[in-house]
Amino acid sequence: MSKASFEALPESVRALAQADFGQVADLFRAAGFTVGLPAKGVLTVKSAQPDADRPAVLLSVGVHGDETGPIEMVAHTVDALSRAPHGLKVDLMLCVGSIDAIAVGKRFIDADLNRMFRLDRGDLAATFEAGRADTLIAATRDFFDGAGPRRWHLDLHTAIRASRYPQFAIVPELIADGPRNALIEWLGQGGIEAVIMNPKSAGTYSYWTAEQHGAASSTVELGRIGTLGQNDLSQFAAMSAALHALLRGLPAPQGAAPLVFNTVQSITKLSDAFRMSFGRETENFTPLKQGDVIATDGDTVYTVKHDEEFVVFPNPDVRVGLRAGIMVVRT
Ligand SMILES: O=C(O)CCC(=O)N[C@@H](CCC(=O)O)C(=O)O
Ligand SMILES: [Zn+2]
């Protein structure tokens, strides 16, 4: 994006995209909160009096640098909150994931940051994003270590391609029933139409916080990737209202319960011979029938096992060893 277009963005959007929390931090500090800037791109705002009943909410955006819609939406949410700071009823950690990738409008610089949240990174360990993940892991640990049991993490993304349900979410299965059901209900109130239950970590930030910190976590997909400043923010109205309510301790507006899908296959790219059986632009939640070939990879042939499976995140361009798609079924 040109310098002139960037300068034309609202100040709050420019600030968040550059991870400049100066003004917001000052406003919360002046209102008596304990404000921390533990790392570049990370802001924490906590009640001055520790309170185990107070929810701890981690809001992350820009984990992929070209997923700009949530950056715009959250910039407006946080800007409004910082101007009425006493309305904040949770301990908040705000995280801008891939600051350098946002600056150049790319998904990542070297390798996908959202595959680094795992103990064994293999050949990803030497990448630029591995260092960033270490920084975020440490800041996240410090935030949740002092928190009470009501822990949330919403990692806001956008999908690369169109989706039959434009707003959907991925929820780690290991979250306990009570908080998981509350999270899914809240996601519906935020306009999420479909929820995919995820049984296994792919090295994602949301799975990490659920597994390591007992958070009710979700990767939330809000439409498609777009250019900063050119996203249609009206598509985020329900999510924006739900976030407003969450951060202020208010009930979220009514919303329909999302459809729930189970993950039945994770398709891993094993080699450079990996070929998908359909085009790159195949929409998320496209149905395939039993026996259909999903992908081939040398001698490995991935086929549909159930009567019908829906493909999500088909991406043959990932590094060898990483997830190239998932197959889901309706519960
Ligand atoms: O559209 C795509 O192919 C990717 C969109 C995206 O970044 N999705 C997340 C999902 C993370 C999860 O499974 O919880 C990702 O792939 O990192
Ligand atoms: Zn993403």
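Here the Cβ of each residue, glycine as well, is placed from N, Cα and C on the backbone.
Unlike curated records, TrEMBL annotations are generated automatically.
Other C-beta atoms found within 10 angstroms of the C-beta of Glu221 (active site) number 28, with every protein chain shown included. Feature annotation from TrEMBL assigns active site to Glu221.
Sequence-distant contacts of His157 (Zn(2+) binding site), defined by Cβ-Cβ distance under 8 angstroms and a gap of at least six in the same chain, are Val63, His64, Glu67, Pro70, Asn114, Thr219, Val220, Glu221, Leu222. Under the heading Zn(2+) binding site, TrEMBL lists His64, Glu67, His157.
If you look up TrEMBL, you'll see 55-246 marked as domain 'Succinylglutamate desuccinylase/Aspartoacylase catalytic'.
For the domain 'AstE/AspA barrel-sandwich hybrid' (259-330), residue counts in helix, strand and coil come to 0 helix, 39 strand, 33 coil, using DSSP. Marked as domain 'AstE/AspA barrel-sandwich hybrid' by TrEMBL: 259-330.
Using a 10 Å Cβ-Cβ cutoff, Glu67 (Zn(2+) binding site) registers 27 neighbours.
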